[in-house]
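Notes follow once the structure below has been shown.
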Amino acid sequence: MEVLRRWLILLSMVLMIMQRGEGQLLENFYANSCPNLESIVRQEVSTKFTQTFVTIPATLRLFFHDCFVEGCDASVLISSSSGDAEKDAKDNLSLAGDGFDTVIKAKQAVETQCPGVVSCADILALAAREVVVLAGGPTWEVELGRRDGLISQTSRVTGNLPQPEFNLDQLNTLFARNNLTQLDMIALSGAHTLGFSHCDRFSSRIYSSPIDPTLDSSYAQQLMDACPQNVDPSIAINMDPETPRTFDNVYYQNIIGGKGLFSSDQVLNTDPDSEPTVSDFATNPGNFNAAFITAMRKLGRVGVKTGNEGEIRIDCTTFNS
């Protein structure tokens, strides 16, 4: 009986952990309380996109950075007058303002029809889906029901985001902490088919001696031309040199050709454990899209707050109280 009792306690704890980690997210969570939610967000994201293409990579990256720190709870959106919020951390300073603006504007539009109902975290998750679609990528059903977090601190960011020099083991370790597999990690890395990077994030690859041998020589020269030494730190270049404004599988073709911008991109092809997946995604866009959808849905469950946890922020940039 004692063994059975302990087993039941352990099972209960496991179920509680699973419940807390993924919560009770539902695709139709707002079906009654805010039935027009998705169309509202879609319209606002589309409007922002017509103003600047940066909307797409900025919003997608914002979602990833949010979920990997404190979970998908919109903690990255909080502003602090003392400069100690999550967004103020070094790894988040390069998050483009257009991503924040996209979510803030969508939230304001939602508030006019469904005041105090929809979390900023859910709006960010929906906006991330919309920008992928606008860039020509796949669509998927977004699970909803997240609540907004109550913690946003610079100190919480350190060690929780992938770095451009990570090797495969380091990438897998970080993603595994968020219940994401190597396949998920490689699929999510495909988001680097969009967006840009500042030169200092990869300069060590082109200004070391010798130049990183995994880089295609012509691509290395292209990077040096775009990013000379002592370049203005605000200068940024496309992460995908071939189709930077289209969500596609060309990212994987690029790294096979030695055109991965970060060493953490290139290692996916040079490491024999991940190379077969890269090769598959490079030649089978349907496989990549399917894996990306699965990974995005799993990413959206990371550390979510549901039920009575957290709050529904009125203003995405400040806690309610």
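Glycine too: its Cβ is placed from the backbone N, Cα and C atoms.
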Candidate in C72, C114, C120 joined to C34 through a disulfide, as TrEMBL lists it: C114
C316: disulphide-bonded cysteine as recorded in TrEMBL, out of C67, C72, C120: C120
Check: same-chain CB within 8 A of Ca(2+) 1 site center, minus D66, V69, G71, D73, S75, E86: H65, C67, F68, E70, C72, A74, V76, G149, I151, S152, R156, G303
For G71 (Ca(2+) 1 binding site), the number of other Cβ atoms found within 10 Å of its own Cβ: 23
Other C-beta atoms that fall within 10 angstroms of the C-beta of E86 (Ca(2+) 1 binding site): 26
Nonlocal neighbours by CB distance (under 8 Å) for R61 (site 'Transition state stabilizer'), same chain, sequence gap 6 or more: L95, A96, G99, A191, G195
Binding-site residues: S75, T193, T243 - member with fewest neighbouring CB atoms within 10 Å: T243
When distances run from the Cα of V69 (Ca(2+) 1 binding site) to each of the binding-site residues P162, T193, D240, T243, D248, the nearest one: P162
C-beta crowding around D73 (Ca(2+) 1 binding site), within 10 angstroms: 29
